[in-house]
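Engineer: Below is the structure I would like to discuss, written out as structure tokens.
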Amino acid sequence: MVSHPCTADEAKPPSEGQLARFENGKLIVPDNLIVAYFKGDGIGPEIVESAKKVLDAAVDKAYGGTRRIVWWEVTAGEEAQKECGSLLPDGTLQAFKLARVNLKGPLTTPVGGGFRSLNVTLRMVLDLYSNVRPVKWYGQPTPHCHPENIDWVIFRENTEDVYAGIEWPFDSPEAQKIRDFLKKEFGIELTPDTGIGIKPISKWRTQRHVRRAMEWAIRNGYKHVTIMHKGNIMKYTEGAFRQWAYDLILSEFRDYVVTEEEVNTKYGGKAPEGKIIVNDRIADNMLQQIITRPGEYNVIVTPNLNGDYISDEANALVGGIGMAAGLDMGDGIAVAEPVHGSAPKYAGKNVINPTAEILSGMYLLSDFVGWPEVKLLVEYAVKQAIAHKQVTYDLAREMGGVTPISTTEYTDVLVDYIRHADLKALKGQ
């Protein structure tokens, strides 16, 4: 049995690898990169092991042994509670801070008062302010008529908005104080049965988030960046989010972008070659647009609540959460995690689809670490497996007439496709 660090002092990285460093705003990545991870709850151990095997195969294929991952196992969730007396031990948090490059399995937050979401706690402690949800179609069954046009990356702000948790029940002393304050100072009278919630959105947190979205768009050659907001109604929060986003983009990324208004007024409706079109959409319209005009959007940058809505809708359009990758990023630190939960009823049955965990780790290595060949190989393998109907039960039942394979068999299929892939040809596509 692996002994995990429970306290911060016990968090000692593996001697055979090296830690990534963050210097002068840039991540410095060694060739023998330490990646900290924990398996989590429920199906977590199965899908994390699957992801590790696939990612190891992709790194080995891409770099021929000149680069490798040194895995550093820590613990969280039910296992951690038994071993360390804490669902999220200080040793795990310290390991994630040290490693900077991290992979996690899903966690279960116990039902009942006094337990905050472990995922939210992790994001807050590590200041993972951008939740990144790439949404692509790999050939899986989908309700969308033209899934080939779907290539979105949703950037959801992670720390503010109504998710900040600044709220009180209607019958609390705090809510009464706020109602009294609003009445006395502003003449706003709320009935005694009114609960109170506060929606904070700040310039600094908005702009650091938008900066990450722009960097992603530039790095991946995307043609559109869209600011999603409800600023027509919430003018001083979401309206401010829109304005601060434009201000940041036009001051720091002016050479890379052209606004939609400029395209229409200066360039006859056609963007100059090599420029990213920046526009904004009202949230309710945006939720329709990704269904009706999917090819017109790439990177979508949003406040917290809107990002929650649109990312779940978007993933439903390409086959659901079994394929839904996620990446939480801050300054020089990231944690890859699937969108789905721990699904305890499927734990240990070797039937679950590990693709979301695999893709999450793929984006961690390709877009945060800077090893883009990993993405070419993993995406190729996933597409091949789906095209040949070598899939787990969730996709097999949607395809109809397909015999599902197990989690471990699916993992082996992906590894085999990676090992036999023509990387040179993939780079030329």
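Keep in mind that glycine also has a Cβ here, set from the backbone N, Cα and C atoms.
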Engineer: Which single residue out of Thr108, Thr109, Thr121, Thr142 does Swiss-Prot record at the NADP(+) site shared with His340, Gly341, Ser342, Ala343, Pro344, Lys345, Tyr346, Asn353, Tyr393, Arg397?
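Structural biologist: Only hit among Thr108, Thr109, Thr121, Thr142 in Swiss-Prot's NADP(+) site, alongside His340, Gly341, Ser342, Ala343, Pro344, Lys345, Tyr346, Asn353, Tyr393, Arg397: Thr108.
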Engineer: Look up Arg133 (D-threo-isocitrate binding site) in the DSSP assignment and report helix, strand or coil.
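Structural biologist: For Arg133 (D-threo-isocitrate binding site) - judged by DSSP and reduced to three states - the answer is strand.
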Engineer: If you draw a 10 Å sphere around the Cβ of Ala343 (NADP(+) binding site), how many other Cβ atoms fall inside it, taking every protein chain shown into account?
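Structural biologist: I count 18 other Cβ atoms within 10 Å of it.
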Engineer: How many neighbouring Cβ atoms, not counting its own, are there within 10 Å of the Cβ of Asn119 (D-threo-isocitrate binding site)?
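Structural biologist: Within a 10 Å radius of the Cβ of Asn119 (D-threo-isocitrate binding site) lie 21 other Cβ atoms.
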